[in-house]
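Colleague: Supplied in C-alpha cells, the structure appears directly below.
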Amino acid sequence: MARIQTVLGSITPNLLGRTLTHEHVAMDFEHFYKPPPADFQSELEQKISMATLGYVRLYPYSSKENVRFYDEEALEASRKDVLLYKKHGGGAIVENSSYGLKRNLEFIVDLAKTTGVHFIAGTGHYIHATQDASHKNLTVEQMTDLYSKDILTGIEVNGRMVKSGFIGEVASVYPVQEFERHSLLAAGEIQEVLGCGVSLHPHRVSKAPFEILRLYLEAGGRANKCVMSHLDRTLFDMDELLEFAKMGCYLQYDLFGTECSYYQLNSAVDMISDGQRIDNIIKLINEGLVDRLLMSHDIHTKHRLTSYGGHGYHHIHMNILPRMFQRGVTLDQVEQMTVTNPANWLSFSA
C-alpha cells in the first residue's frame, strides 16, 4: 500500500493536500554570507528594519542576521508563516534541510503538531563545504547506512523516533567533488532499495543538472522518483530545458517570490521573475509535461518571511495560482502540479 512518511508518522497519499516541495523552516545559511559592498556596509550590519530592508533585498547574503535562519526570531517568524500557509489552503511542506544545513527536527515536529500542516523531513548531504568534520570522509556505504537508518528507524526527538520521508536536498558544486559524488551515488542506491523520493540541488551552471542526474541514475536511482531543484536559476534556455526533461525526472521551479536585479549567488545571470516562471511552466505544460512539474519558494532567509517584509509560504497559493488561471492554466493542471505530483513523488510502498 502506498504511503507518505511525515514526521508524525505515515499517511496515505490522498491526505497530503496542496504541497510545497522545496522549503526550509529553519536552517543555517551562514556559509553563503558575502561581505557587503563598502557603500552599504553600515546598513547591512544593522538589524533588519524598514530602514534597512531595501538594502537586504538587494544584498540578502550580505546581512548576517538574514542568513541566520535558525535563531528564535526566525523560528517565531517561520511559525507565523506556516500558520498563514495553512489558513490559505496549504496541506504539506517538504522540508529540505539536510546534513550540512543544521536541520532542526525538534522544531519541524513541533510545527507539524501545532499547525496541522504535514511535514516531510529529508536526509542526505548538502555540499561538501558545509559539512562537519565527522561527515566529510564518509564512504558511499556509510552514507547509504545513514540514509537508510534515517528513513527506516528515524532519529530520536523528545522520546519519539522521527523518520525522514525522502532523501534531500542532495547538493553539489560543479565540477562535483568526491564527497558529493558519494552522496549522489548513495542516494541512487538507497532509492532503488527503498523506493523513496529524492531531491537534487544542482550547482548554478547549465551542465550541472545533467551531470548529477546521470550519477544518480547510474547508481540505480529511478528518474521518476527524483526532483531536479532550482531550474529557474539554472536552465534558462527552453531547448536545453526540454533536452534535460528527456531524462525523466521531476522539473521543479522553486524560487517563486525571488525577484531581484542582482543575484548574489551567481552574478553572471539575471534571476527570472515570477511572471517568467509562469511563462516557462505554461510552455512545459504545452509540451505535455504537466505530470512532472513542481513549484515551491525555497525560503531560506529571514527577509522572505512576512515578519521581515517578505512573501511567506502562502505566496504561490495566493498570488501565483490566480495569475496562472488568468493565463489559461486549468484547475486540473494546477491540482496535478500542487497535489498529485508531490504525492506521487513522495509515495513509496511499505
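Every residue number used here counts from 1 along the chain in the order it is shown.
A Cβ is built for glycine as well, from the same backbone N, Cα and C atoms used for every other residue.
From a predicted model like this one, the values you see are computed outputs, not experimental measurements.
Annotated divalent metal cation 1 binding site per Swiss-Prot: HIS22, HIS24, GLU169, ASP298, in sequence order. Look at Swiss-Prot and you will find GLU169, HIS201, HIS230 tagged as divalent metal cation 2 binding site, backed by similarity to another entry.
Each of the listed features needs to be described in terms of its position in the shown structure.
Modeller: In the three-state DSSP assignment, the secondary structure recorded for HIS24 (divalent metal cation 1 binding site) is coil.
Classification of HIS230 (divalent metal cation 2 binding site) by DSSP places it in coil, neither helical nor stranded. With a 10 A radius on its CB, HIS230 (divalent metal cation 2 binding site) counts 23 other CB atoms from all the protein chains.
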Colleague: Test of understanding: give the count of other CB atoms lying within 10 angstroms of the CB of GLU169 (divalent metal cation 1 binding site).
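Modeller: Cβ-Cβ neighbours of GLU169 (divalent metal cation 1 binding site) within 10 Å number 28.
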Colleague: Anything within 10 Å of HIS201 (divalent metal cation 2 binding site)? Look among the binding-site residues HIS24, GLU169, ASP298, comparing CA atoms, and list what you find.
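Modeller: Qualifying among HIS24, GLU169, ASP298: GLU169.
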Colleague: Highest CB neighbour count within 10 A among the binding-site residues HIS22, HIS24?
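Modeller: Of the binding-site residues HIS22, HIS24, the most buried by Cβ count within 10 Å is HIS22.
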Colleague: Relative to the Cα of HIS230 (divalent metal cation 2 binding site), which of the binding-site residues HIS24, GLU169, ASP298 have a Cα no more than 10 Å away?
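Modeller: So far as Cα distances go, the binding-site residues lying within 10 Å of HIS230 (divalent metal cation 2 binding site) are ASP298.
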Colleague: Cβ within 8 Å of the divalent metal cation 2 site's Cβ centroid: which residues qualify beyond GLU169, HIS201, HIS230?
Modeller: HIS22, ASN96, GLY168, VAL170, ALA171, SER199, LEU200, PRO202, SER229, ASP254, ASP298
